[in-house]
Amino acid sequence: MSENEIVPDEFRCNRSDGKQWRCKRRALEGKKMCESHHSQQSLKRSKQKVAESSKLVRSRRGGGDEVASSEIEPNESRIRSKRLGKSKRKRVMGEAEAMDEAVKKMKLKRGDLQLDLIRMVLKREVEKRKRLPNSNNKKKSNGGFSEFVGEELTRVLPNGIMAISPPSPTTSNVSSPCDVKVGEEPISMIKRRFRSKNIEPLPIGKMQVVPFKGDLVNGRKEKKMRCHWCGTRGFGDLISCLSCEREFFCIDCIEKRNKGSKEEVEKKCPVCRGSCRCKVCSVTNSGVTECKDSQSVRSDIDRVLHLHYAVCMLLPVLKEINAEHKVEVENDAEKKEGNPAEPQIHSSELTSDDRQPCSNGRDFAVVDLQRMCTRSSSVLRLNSDQDQSQESLSRKVGSVKCSNGIKSPKVCKRKEVKGCSNNLFLSLFPLELTSKLEISAEEVVSCYELPEILDKYSGCPFCIGMETQSSSSDSHLKEASKTREDGTGNFLYYPTVLDFHQNNLEHFQTHWSKGHPVIVRSVIKSGSSLNWDPVALFCHYLMNRNNKTGNTTDCMDWFEVEIGVKQFFLGSLRGKAETNTCQERLKLEGWLSSSLFKEQFPNHYAEILNILPISHYMDPKRGLLNIAANLPDTVQPPDFGPCLNISYRSGEEYAQPDSVKKLGFETCDMVDILLYVTETPVSTNQICRIRKLMKNIGRVRSKNPAKGRESRFDKGKKRDRLDDYSSSDSESSQHCLGAKCRGSEFEGEERESCNYSCEEESLSNTYGAQWDVFQKQDVSKLLEYIKNHSLELESMDSSKKKVSHPLLEQSYYLDEYHKARLKEEFDVEPWSFDQCVGEAVILPAGCPYQIRKNKSCVNAVLKFLSPEHVSESIKRVKELNQLPQSVKSKANKIEVKKMAIHKISEAVKEIRELTSSDSTGALRLYN
């Protein structure tokens, strides 16, 4: 083959440099390369060195084929070696001027971007060297890289600005420390830089966090374990929290503060639960004792909707109050010689001290207008009562303070008032105010679309199809009756507390507006460290009573204690007894008012407020739908709780009779939370401890008899609450009232001879109370049944006192026999259900109910006033006012009408403020 032969492209060797050059020799048959290149490729595959003689030399750009290296003249090889040597020397040179000259000699196009960038970098370095005279010294010390450190190079390009970040002098080929995770091996990332392919990355170890200086100083000191409360040291008596692994508590403080068992504290301490009340934790968690502020989370739109709902429910009550005002004024005008002119009406300026109930017991809940006699300094309270047959206008008279500040002992008689020429109407709420308030409330209601009001006797649309699933654990219905004609009335709403977390009250309000009770599950939070054991609570209270004798109330005015010992002799009556055993018995009934509950058990009191199932209705301070919340000074605040009810019975004879709450109803709404249920008998140590604490109280009272009498006199009214619960007392039991135990025969030697031992048993069933709840419309039938069977019911009641109103006085309890007779004669059947631990029973106002406790229970009771049942509450208060004074003194005085008027006024005012601040939000709300 001649060297000048032109080979077609399809037969040419495929060897090329990838750009322009390609071998012009002919490829071998069946191969893609020529003979020379094929042999070179074979040597490279076998990892052998290619001989210099077999390499081809490219021809210059003028043309010509490649020739072998053996054909090159010696002079030409020398020239080539000189050229290569010069290029190597130029690379070694570190001077920027020499590199700039070499670049200038390169024959490249002027539009080459890479060459332009290199030239720009070199120019910047030359200019920087001229500005910095000491650059040569820095270059020697830093190994030639100092001029690139700390400076950022930028280049303005047609489409933007390009920046070249400077390299790090120490870690030139390692990624940034921010890209390395703590405690893991870093990944070496080589930064792309000119002529830096062969530079090996510098080794780097695991990155670690250096401790803070304060931690290093504290770490040098030996960690000392101290009790979180008392600061006591010691390893043996301290219990460490496994949750935080930081707090320690001694055994004495745990027992003294009643913070649960050792296992509960070890699992999760009070600091972790947020129930610690020490100074440090109180400063950190200042808002723990307050009610949970659910309104802060609720949006303004939801708040306005709730206020609108309250106004819509209370507007009929306001209209009724204004109608009664109008009737009072018109009737009084007719009495004055037929003069139809409107009498002069003045607003009341009476303080809370002056607004006391009259001697005849007229409660201020129904007092709207008063007639004041200027001569006798008395007040004639007027109220329309259409139920009385004597007169269409009922007038009750009571004394108030005279101008000299002394109470008038005489009561202004009707004939004396009739002779008075200076009679003036005294209105606690001016008619102008209530009439304007009614107009404003109607305007608010017209802008709000209420949901469709269903018939009280119709079924709930949310519960359709759930009746068949009532037996399942996730059902929202609970079967409480089986023989009602209306199948939907056999079931009660049975939600969990989680169902109310998203302000989902529509389903609840559907059942609540019908007057049905609601049972809420899972109210008590899991993992609570508070101890609700009744014996422990009573002992804790007695200890506080001993420590603070002069400041606290008399404990026996709130507790009824019965202690007894029964001995058993087994064996021959004549001979020596083979076995001599005894059994301790304890009966404990107590009712703690809200003030005493908060004073003696602040942690338990705060826990009750935190676990309220529906805070919008039940929060006593911030409940948006609670009419009794956030009252002004002009309205007497009622004592709605929460209160604590303790019922404990131990021993064989005390386990047989049932402690019951007799049939009756409340004048307001109520929620009852079952906190604790036990069947564990009391131990001898607990009985001895109670006796010892009660003896200490009696010893202190004997020294200060005046304080004891004064305390019993002040709190004597509270003893009547214990009459609601009845139980059969055995002859061997000893009744202790007022810290003086009449059972003096229980000496220490006799107690030590008792070998009673008890073991705690796990309760398979956690229910402790059985409820029977009747409907509001069944009140008249219940009264008629009690009237017909009063002799049978009185035989069951040991008190045998005169009864004016069986339901208001809570005088009788209907057992299974009487409930069956009631169903047979009047077709009235209650909702009967069992209350388990952690369940809250929400009861509407006016619903008759009775409770039978099968076990020892501790429950909290809180009363509230919902807008749906204000009318029913007013009706029940009127019935209560017609009873004798002895009965009314037991009831909690509530001023329902005043609270309703104040709630409407505040709701209308707040709605206007919220809607006027954001006009767009108001438009979205109303449209």
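Counting begins at 1 with the first residue displayed.
Note: Cβ is positioned from N, Cα and C throughout, glycine not excepted.
Of the given residue ranges 127-134, 167-174, 191-198, 711-718, Swiss-Prot assigns the label motif 'Nuclear localization signal 2' to 127-134. Looking at 227-273, 556-602, 650-696, 791-837, the range tied to zinc finger in Swiss-Prot is 227-273. Its own atom aside, the Cβ of C272 (Zn(2+) 2 binding site) has 18 Cβ atoms within 10 angstroms in the protein chains shown. Annotation note: C230 (Zn(2+) 1 binding site) sits in a coil segment as assigned by DSSP.
Listed binding-site residues: C230, C241, C269; maximum Cβ neighbour count within 10 Å falls on C269. Cβ contacts within 10 Å of C227 (Zn(2+) 1 binding site), excluding its own Cβ and spanning all protein chains shown: 20. Each of H228, W229, G231, T232, L238, F249, I251, D252, I254 belongs to the same chain as C227, C230, C250, C253, is absent from that list, and has a C-beta within 8 angstroms of the C-beta centroid marking the Zn(2+) 1 site.
The Cβ neighbour count for C250 (Zn(2+) 1 binding site), using a 10 Å radius over every protein chain in view, is 22. Cα separation, C272 (Zn(2+) 2 binding site) to C227 (Zn(2+) 1 binding site), rounded: 15 Å. A sphere of 10 angstroms centred on the C-beta of C253 (Zn(2+) 1 binding site) encloses 18 other C-beta atoms.
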